[in-house]
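**Student:** Handing you this structure, nothing more for now.
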């Protein structure tokens, strides 16, 4: 099912990303990140798909005790958290895309009405269609749209915040699960103690390292876009306005 979801997502992203309008900075890059993120999450989950079969204990342990030891060792979800943060990554991006599209549509509508009104006042109906702005050529001006710029910056802050939380969970919750060689298990109903192991720990650690790397790259790019936007649209804009005022 996950493979079908990823396979169905790729052509949708390809068709949407094929729009060359680029009406805000980094649009094509973020579509690429979505595709890469989805493929990476699908691939790295494979070593964890049969984690209950890879967990086993030494000695004469009954099946209920084995299940209880497994539930005690993996008390928090692993792959489910990966899917959850991938959903957050998608939701934040498409929310920003939705608001950007709404504002872009309003700008196109206003410019179209102004262009038609100007041609009517001049008494020329020939150039109306020539001056109506095309949606693919409309570029959002962050120098003028300050609220839009704040939305753009908020998107990066939310992405960095969610990825920092994800990075923390990967490093301090998920990685220790497969870093210890032997798991000592003792419960009330199964006093034991039992010595338990997890097969394929190297592959499982590599999957977590891959997600850590991907999360760090997303944080790096979001921070870069955030600082560039502040410098280019706020600091340089204020300097230019002050220069013309003086």
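One is the number of the first residue shown, and numbering goes on along the chain from there.
Placement of Cβ uses the backbone N, Cα and C atoms for every residue, glycine included.
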**Student:** If TrEMBL is the reference, give me the range from 81-103, 104-126 marked as transmembrane segment.
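**Tutor:** Comparing 81-103, 104-126 with TrEMBL, transmembrane segment matches 81-103.
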**Student:** Could you check which of 53-76, 149-172 is flagged in TrEMBL as transmembrane segment?
**Tutor:** 149-172
**Student:** Sort out for me which stretch, of 28-44, 149-172, 208-230, has the most Cβ pairs below 8 angstroms to the transmembrane segment (81-103).
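**Tutor:** Per the Cβ under 8 Å count, 149-172.
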**Student:** Could you pull the average pLDDT for the domain 'Connexin N-terminal' (24-228)?
**Tutor:** 82
